[in-house]
Amino acid sequence: MNMYIERIGQGPDLVLLHGWGLNGAVWQEIVPLLQPYYRLHLVDLPGFGYSRDVIMPDSRLATWSETVLAELPARFDLLGWSMGGLIALRMALDHPSRINRLILTGSSPCFLRQDNWPGIHPDVLSGFNCALQQNPRKTIERFLAIQSMGSESVKEDVKRLKSWLQQRPDAAPAALSAGLALLSSVDLRTELSQLRCPVLGIYGRQDSLVPAAAVDPIEKLITGSRSVVFAQAAHAPFISHPQQFSEALRQFLEQNEIQRD
């Protein structure tokens, strides 16, 4: 079974990868702002949304990357949010000739808190994993609330996230567990110096999952990258601040023009 990918708009190809527990509907706030300029590929990752029944042979990050990449254009720009950012990084590292430019939002090469590395406390992730086995939907809704905390439009953000979640089939339990395992175990920090494409990070200063304290360390690990931090945004700045987010993305792509065949 093929993944579900919604394709909208005209122009250079821009692929969007959503985060844990959600689906491609999460981009609805920025789609109208971007579709006049780009051919958008809104992916439902394997096991999520309309791709619920897409089964991968294993749950390694490279397998997520290869499974998604197999259904994408020959060359494209790539936007990854949260867990989708990990998959996007793996793609860009393994297939530099396919990725023109990379935008990461609310994402980190290592989500787990480490010595001298800001991130999510291990107890939080293990707690989510335990709760997931008992009540998946309630666990996802709790996750949505946590990632919206601190946003100046927190109630509206959570309401919209829940609405988009309900528009498509529930995620497969195996995909939810595999996604949490990625967030708990993947650490790409030592590989970031190998990235060859221009990279932009867009963050929210109120993000409790990718703390603002991680922004500078991430930027230092990616040669030539730049970051934008929205003071009143949390984990999903493209939802709380769609206009500013779209402007930052478009400016980055325009300033880093790629020679096309």
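Even glycines carry a Cβ here, placed using N, Cα and C.
Source: prediction; values computed, not measured.
As recorded in Swiss-Prot, the features of this protein are as follows:
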DOMAIN    14-242  domain 'AB hydrolase-1'
BINDING   W20, S82, M83, F143, L144, A145, I146, Q147, H235  substrate binding site
ACT_SITE  S82  active site, nucleophile
ACT_SITE  D207  active site
ACT_SITE  H235  active site
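All features noted in Swiss-Prot, drawn onto the structure.
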| residue | record | Cβ within 10 Å |
| --- | --- | --- |
| W20 | substrate binding site | 25 |
| S82 | active site, nucleophile | 27 |
| M83 | substrate binding site | 27 |
| L144 | substrate binding site | 21 |
| I146 | substrate binding site | 17 |
| D207 | active site | 27 |
| H235 | substrate binding site | 28 |
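Proximity to D207 (active site), defined by a C-alpha to C-alpha distance within 10 angstroms, is shown by the following recorded positions from W20, S82, M83, L144, H235: H235.
Looking just at the domain 'AB hydrolase-1' (14-242), the mean pLDDT is 95. A separation of roughly 13 Å, to the nearest angstrom, links the Cα atoms of I146 (substrate binding site) and S82 (active site, nucleophile). Pairwise Cα distances among W20, S82, M83, F143, L144, A145, I146, Q147, H235, which the record gives as the binders of substrate, peak at 17 Å.
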